[in-house]
Amino acid sequence: MDTNKLPPKLQRSNSYLVSISDNEDGLSQISGSPRQLSISTIDGIGKKHQSTNGTCPSVASDTTNKSTEVLMEALRMEEEQNAPTKSRGAWDSKFQYMLAVIGYAVGLGNVWRFPYLVQKNGGGAFLIPYTLMLAIEGIPIFFLELALGQRMRKGAIGAWNQISPFMGGIGICCAIVSFIVGLYYNTIIAWCLYYLVLSFRSNLPWEKCPTVQVGKYKNESRLVEECRRSGPTAYFWYRETLNISDSVDKSGVMSWWILVCLVFAWLLVFICIVKGIKSSGKVVYVTAIFPYIVLIIFFFRGVTLPGFQNGLYHLFVPEFSRLSDPQVWVDAASQIFYSLGLGFGSLIALSSYNPTRNNCHRDAIFIALTNCCTSVFAGIVVFSILGFKATKRLELCQEIRDHELMALFNDTNVIPPPAGTLVNISSSPNGEVTSVVMPNITTCSFKEEILKSASGTGLTFIAFTEAINQFSVPPIWSILFFLMLLTIGLDSMFATLEGVVTPILDLDIIPDLRKYPPMLSGSYS
């Protein structure tokens, strides 16, 4: 059939996915998607098509009527599918959505877990299984969740249930996991808040060990023995902040300041998500961009510190023999899942507010690569500073070792060797000095120093704070560091809560609950 005889709306084939052709029996056939057609346009097709088939009016009329009915039925189905989403919220812009998803994916694990796994599992060689797992499982599943939420326009429960009623349990499990993760994740935010508030002091409370009064008349001051052995940052973290007990048999006492920070953290999260994506979408402009600014600042500070190259060498020098260990591949796969936030339902919830024609495939690739590049960049920042810290600790250890060695020589009436010869003595494979003296002095190792606290909370609240203590103007750097951790945690928390709130709102368990989202957000908080 000549398409020039079609109505003007159908002649724009780039805009409308409808085609009319003659089949082998000489009857007209209409195919395509009526997604952008109106009922009046379909009627126009029928009238025009009927007038052009003069050879067999009755057959043409019946065929046209049937084709028109098919198009109208498809149009009604499309309108019914889109009807529930008319009142659904939407992101103000594509940039806002990208920031929200990047903020969710880039979490605390990028800062304190990825660098530890790299140096633990073969340095630069670990990037090989990490990249393969990103391509095999990370990007495909990430794309699946974005596409699922965007197409179904529902949270995890509604989306999986719409695919099949038997899959509704997957969405329920996602919501439950997000609920549990949100409970402990906000506790970490409370710790960051506590350290952030204390960072505004002129002298950081974890710079020095506390003292106790001793002597008969309590007129002498002495450092707390536990703090002297463990260090001021570790002592402040375990004894002052967490206030842990001496054993698991003792329950300990309540840390009231941490409780206050936890309540304030939940209040802060509630204020940011009180109106759903309308409020959290505004906040992500700060919480998603600010961490990158701080990381860049710490990067330039880190590469100017003595010993930073030792930390980067320890991080990235490859050990290809480690690739034969299955645990390395397991760690790479688990880090991809943990870092991208797969399986929590949050990605489905965030993408459900997107237009259905959004290019989620491109979004998945861009966000996943951005997340992994951020992990590598954070690892460079962290280990450049840890290299500086380990270098300082190694110098202190060598001073202690030199004093111990000199004391041993004095005890044996041996003249102490001149400065610079201790290394030769300690590395000598034979001789009486090595066999008698070296077992009695402290062993110093750069690798041991950098491995003492290179992961988790130990990295953040012990090792990094110890390094900051040696910076100029430590309070400023401490404020920047914990403010960065706070914004990173809040970003992930927003999306985690969306993974719980959005599916419940979509279920319509309570009538008109969607009109009052603060009720649900507040009840969770």
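Using the three backbone atoms N, Cα and C, a Cβ is placed for every residue, glycine included.
TrEMBL labels come from automatic prediction, so no person has curated them.
Here TrEMBL gives transmembrane segment for one range in the set 336-353, 462-479: that range is 336-353. According to TrEMBL, the residue from N161, N186, N310, N371 that belongs to the Na(+) site alongside G103, A105, V106, N110, S339, D491, S492 is N371. Most Cβ pairs within less than 8 Å of the transmembrane segment (365-386), among stretches 95-114, 169-197, 283-303, 336-353, belong to 95-114. Within 8 Å of the centroid defined by the CB atoms of G103, A105, V106, N110, S339, N371, D491, S492, the record's Na(+) site, lie the Cβ atoms of I102, Y104, G107, G109, G341, T374, I488, excluding the listed residues themselves.
Long-range contacts of the transmembrane segment (169-197) within the same chain: residues 108, 155-161, 241, 257-258, 261-262, 264-266, 269, 343-346, 348, 457, 461, 465, 478-479, 482-483, 485-486, 489-490, 492-493, 496-497, 499-500, 503-504, 524, each at least 6 residues beyond the stretch ends and with a Cβ under 8 Å from a Cβ of the stretch.
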